[in-house]
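Step one of this worksheet: look at the structure below.
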Amino acid sequence: MDLQLILDQINSELRPLLGTSGGKVASYIPALARVSPLQFGIALRTCEGEVAQAGDSAVPFSIQSMSKMFSLTLAIRSLDEALWDRIGREPSGSPFNSLVQLETERGIPRNPFINAGAIAVADRLVSLGDANVELLALLGRLCGEPIRIDAEVAQSEADTGFRNTALANFMKGFGTLDNDVATVLDVYFQQCAIAMTCEQVACAAGYLCRDGRHPLAGVPVLSSAQTRRVNALMLTCGTYDAAGEFAFRIGLPCKSGVGGGIVAVVPDRLTLCVWSPALDATGNSLLGRQALELFVAKTGLSVF
Ligand code: GLN
């Protein structure tokens with residue numbers, strides 16, 4: 001299968017749709033609101049190390065909630081089963097920043113990929129050490145080059161993070177968080193502000209298609225059982241209230257972010273990252289979703 005040719009075809013089919021898709025770039029902070037929607041990038045890396053890319057695959061973007069996959073990886077690695085004492089594993093069916101279920105479920109977030117869940121994961125990481133230093137170190141090892149936080153995005157996340165602050169305080173009230181709310185939120189806001197390219201994300205996520213082993217990381221990143229769990233959560237919860245639709249149309253573990261990126265895993269084959277900033281109503285990249293649908297249609301690669 002000529003993967004480079006397939007990515008080139010997807011790029012040429014979707015590029016003419018840029019600006020006409022009807023999606024909107026995230027506008028809750030200026031640094032994201034001014035990102036041009038007229039961008040589309042796609043990159044993949046196979047288990048054997050073959051790479052392919054097309055379009056704006058080398059342009060850094062704000063990975064936002066895609067970071068939740070990496071923070072979950074750090075937390076599972078250290079805590080394993082104990083992580084699930086205060087975090088659920090069910091799809092929420094609600095928007096990523098929803099507060100509603102926290103009340104009925106006594107402060108236990110439905111899953112680690114909605115904002116409440118990722119904030120609870122950040123709390124565990126704070127208890128374990130210097131969370132963001134660990135996260136950047138992990139990403140640097142996985143990409144083979146340094147990864148940075150965009151300071152302007154991080155500051156804006158903090159300046160406008162009223163709903164996230166509400167989620168954290170609500171969970172603190174229920175005893176879900178052990179640490180100081182401001183410290184936990186600082187970790188969360190900074191992880192959302194990490195900037196990476198499609199090529200870097202496709203490389204960094206490589207352990208997810210290789211049973212937890214990453215070619216550049218040296219030692220295994222996760223055990224094979226832990227890797228299955230992260231993939232299962234990505235499939236069922238990684239794209240929020242569109243997770244059912246993603247499973248139906250694409251059938252791959254995926255994790256999205258409001259920066260317009262989506263990473264997808266084809267177990268035992270490859271990891272793929274698409275980026276296009278215009279989002280649909282569920283906060284997932286519109287063209288990113290279409291690109292993944294085209295990729296699965298052209299390659300037949302899906303877990304189903
Ligand atoms: N920074 C965003 C938030 O906390 C991340 C959301 C997302 O990417 N879905 O709401």
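Cβ coordinates are placed from backbone N, Cα and C, and glycine is handled just like the others.
Not measured: the values here are computed from a predicted model.
As recorded in TrEMBL, the features of this protein are as follows:
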- S65, N115, E157, N164, Y188, Y240, V258: substrate binding site (BINDING)
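What TrEMBL annotates, mapped onto the structure for a quick look.
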| residue | record | DSSP (3 states) |
| --- | --- | --- |
| S65 | substrate binding site | helix |
| N115 | substrate binding site | helix |
| E157 | substrate binding site | helix |
| N164 | substrate binding site | helix |
| Y188 | substrate binding site | helix |
| Y240 | substrate binding site | helix |
| V258 | substrate binding site | coil |
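Y188 (substrate binding site): 30 other CB atoms within 10 A of its CB, across all protein chains. Listed in sequence order, the binding-site residues among N164, Y188, Y240 whose CB lies under 6 angstroms from an atom of ligand 1 come out as N164. Spanning the listed substrate site, residues S65, N115, E157, N164, Y188, Y240, V258 have a farthest Cα to Cα distance of 20 Å.
Listed in sequence order, the residues of the same chain lying 6 or more apart from N115 (substrate binding site) and placing their CB within less than 8 Å of its CB are S65, F96, N97, R163, N164, L167, Y188.
In this structure, N164 is the one among the binding-site residues S65, E157, N164, Y240, V258 with the smallest number of other Cβ atoms inside 10 Å of its Cβ.
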